[in-house]
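TrEMBL has this to say about the protein:
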type    : residues                    : note
BINDING : Cys6, Cys9, Cys22, His26    : Zn(2+) binding site
BINDING : Tyr68, Glu94, Gly95, His181 : S-adenosyl-L-methionine binding site
DOMAIN  : 5-47                        : domain '23S rRNA (guanine(745)-N(1))-methyltransferase N-terminal'
DOMAIN  : 88-170                      : domain 'Methyltransferase'
Amino acid sequence: MPELKCPSCEQPLQLNGNAWLCTNGHRFDRARRGYTNLLLAQHRRSRSPGDDKAMVRARTEFLQLGRYQPLADALLKDLPSQPDGDWLDLGCGEGWYTEQFARQLGSAQGAGVDISKFAVDSAAKRDKTLTWLVASGARLPLFDASLSRVIVLFTRLFTDDIARVLRPGGELIVAGTGASHLMPLREALYEDVRQSGFDASKFLDDRFCAIDEKVIQFDWQPQSEQELHNLLTMTPHHWRAKPSAKAEIGKLTGATMNAHFVIQRFRKQ
Ligand SMILES: C[S@@+](CC[C@H](N)C(=O)[O-])C[C@H]1O[C@@H](n2cnc3c(N)ncnc32)[C@H](O)[C@@H]1O
Ligand SMILES: [Zn+2]
């Protein structure tokens, strides 16, 4: 597994019983669920940063329906079929994708990091061997050039720290939404639908070179109002859309919904 760095003094952490300790006496207890909180109070902008409980629950309920499996399959196809070094799922959320990556890349070699303790608490249930951490992507508790692969799905790109922890030749895999993602949902929520797709290269610089880009598109029919509400709650539209529009979203039950994703791969120079 990737060696962990003490967030207070940057010395290596050693696991002793159920606590991570550094030689300067800093101590971080591993929760019973199997994750460790390495986010220091002074590095938090709010008391509970990241996704809240309701968002985490909505994401779990939606993802377990398997609607986004074609995306997970496309990501898995781009990964080596067996472990080849330490890897990180950055902004891992409640771990639905992370658990699938671990089957290929190895649980013992992997870490899932998210700033939301609710998300990591839920993710840790999935795989006890993986290293699950509450930490910020802007300040990863990992050493320089220690990782072969960093995967970032639908989370902000913290370019400097990703560049720091990837070894030269290591890979960054990013998934984001394409311009037409969830178009029927967005048309139901907004009078004026903004056409914008995510492009990771806008956030990266010459420390990374592009390997390839894949577009994944598919349709499905949401089967219940609950499914649509869960889908809405796990997207930024949850904050942006008017409550009156959100309340109506159940009317899309049985209608065709579309997914439009872009997977981009980069090599650390
Ligand atoms: C849209 S969710 C994606 C979760 C997961 N990758 C997935 O696709 O299911 C974005 C995640 O980024 C996390 N996040 C937000 N700010 C973060 C930060 N500074 N460092 C690490 N994670 C962060 C949130 O808590 C949330 O779980
Ligand atoms: Zn320390």
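Cβ from N, Cα, C; glycine included.
All TrEMBL annotations are machine predictions without curation.
Values in this document were obtained by computation on a predicted structure and should not be read as measured data.
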Where else in the chain does the domain '23S rRNA (guanine(745)-N(1))-methyltransferase N-terminal' (5-47) make close Cβ contacts, counting only residues six or more beyond its ends and a cut-off under 8 Å?
115, 117, 120-121, 123-125, 128, 131-136, 139, 141-143
Which is it, of Cys22, His26: the one of these binding-site residues whose Cβ has the most other Cβ atoms within 10 Å?
Cys22
Which of Cys6, Cys9 has the fewest nearby Cβ atoms, counting only those within 10 Å, among these binding-site residues?
Cys9
Hey, what's the Cβ neighbour count for His181 (S-adenosyl-L-methionine binding site) at 10 Å?
20
Tell me, how many other CB atoms lie within 10 A of the CB of Glu94 (S-adenosyl-L-methionine binding site), whichever protein chain they belong to?
30
Have a look at the binding-site residues Cys6, Cys9, Cys22, His26 and say which one has the shortest Cα distance to Glu94 (S-adenosyl-L-methionine binding site).
Cys6
Candidates near ligand 2 among the binding-site residues Cys9, His26, Tyr68, His181, judged by a Cβ under 6 angstroms:
Cys9, His26
Nearest to Cys9 (Zn(2+) binding site) by Cα distance: which of the binding-site residues Tyr68, Gly95, His181 is it?
Gly95
How many neighbouring Cβ atoms, not counting its own, are there within 10 Å of the Cβ of Tyr68 (S-adenosyl-L-methionine binding site)?
19
Of Tyr68, Gly95, His181, which binding-site residues are close to Cys6 (Zn(2+) binding site), meaning a Cα within 10 Å of its Cα?
none
